[in-house]
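*Asks:* According to TrEMBL:
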- 28: active site, proton acceptor (ACT_SITE)
- 108: active site, proton donor (ACT_SITE)
- 79, 85, 92, 109, 110, 119: substrate binding site (BINDING)
- 23: site 'Transition state stabilizer' (SITE)
C-alpha cells in the first residue's frame, strides 16, 4: 500500500460506448460496458486507486465531468469516442484537468490511426498527459497504471 491508496480516478466514456459488445464487435470486442467497469475497478483496486466509471452520449455531461474532476482534484481516464474528432468544448474542459496539474489519459479501444481518415484527428490528444490506442480494454489498465505512476512520482517530489 502507498500514500495514494484510495485516490479517486474517474474513467469517462463518451458516445456509443454504452453499446459495447453490441456495436461493431469486430472493432470494439464482445465485452460490454459492465465488463469494462468491473475490470477498471479491479485494476484500480490493485493499484490502490478508487475507480469510478461513467458513460454518456451527451457532450455537455462529459464536459461537466471534466469540470468536476478539476474541482475535486480527480485524475481522469477518458475515451472521448466520437467527441475525439471535433469537440473543442471538451478539449477546452480536458485542458483544465492538465492545467490543474492532474493526469488526463486518453484511451481508445481501437486504433484510430488504422481506421477511416476522419478518425485520425484528435482534438483531445494535444491536452492529454498521454494517449493509448488499439489495446482494447487493456488500454484502460495501462492508463490507470500510468496515473498511479504519475501520482507516485509526484508524491516523491513533495
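Backbone N, Cα and C atoms are what each Cβ position is placed from, and that goes for glycine too.
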*Asks:* For residue 85 (substrate binding site), what residues in its own chain, 6 or more apart in sequence, show a Cβ-Cβ distance under 8 Å?
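*Replies:* Looking at Cβ-Cβ distances below 8 Å from residue 85 (substrate binding site), excluding near sequence neighbours, one finds 118, 119, 121, 122, 123.
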*Asks:* Just the number: how many Å between the Cα atoms of residue 92 (substrate binding site) and residue 108 (active site, proton donor)?
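*Replies:* Roughly 19 Å, rounded to the nearest whole number.
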*Asks:* Sequence gap of 6 or more, C-beta under 8 Å: which same-chain residues meet both conditions with respect to the residue listed as 'active site, proton donor'?
*Replies:* 79, 84, 131, 132, 133, 134, 139
*Asks:* I'm trying to understand the geometry here, so how far is the Cα atom of residue 110 (substrate binding site) from the Cα atom of residue 23 (site 'Transition state stabilizer'), in Å to the nearest whole number?
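*Replies:* Spelling it out, the Cα of residue 110 (substrate binding site) and the Cα of residue 23 (site 'Transition state stabilizer') are 13 Å apart.
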*Asks:* Would you identify which of the recorded positions 23, 119 has the most other C-beta atoms lying within 10 angstroms of its C-beta?
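*Replies:* When each Cβ's neighbours within 10 Å are tallied, 119 tops the list.
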*Asks:* Highest Cβ count within 10 Å among the binding-site residues 79, 110: which residue is it?
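*Replies:* Max Cβ neighbours within 10 Å, all protein chains included: 79.
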*Asks:* Please report the distance from the Cα of residue 23 (site 'Transition state stabilizer') to the Cα of residue 109 (substrate binding site), rounded to the nearest angstrom.
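*Replies:* Between the alpha carbons of residue 23 (site 'Transition state stabilizer') and residue 109 (substrate binding site) there are 13 Å.
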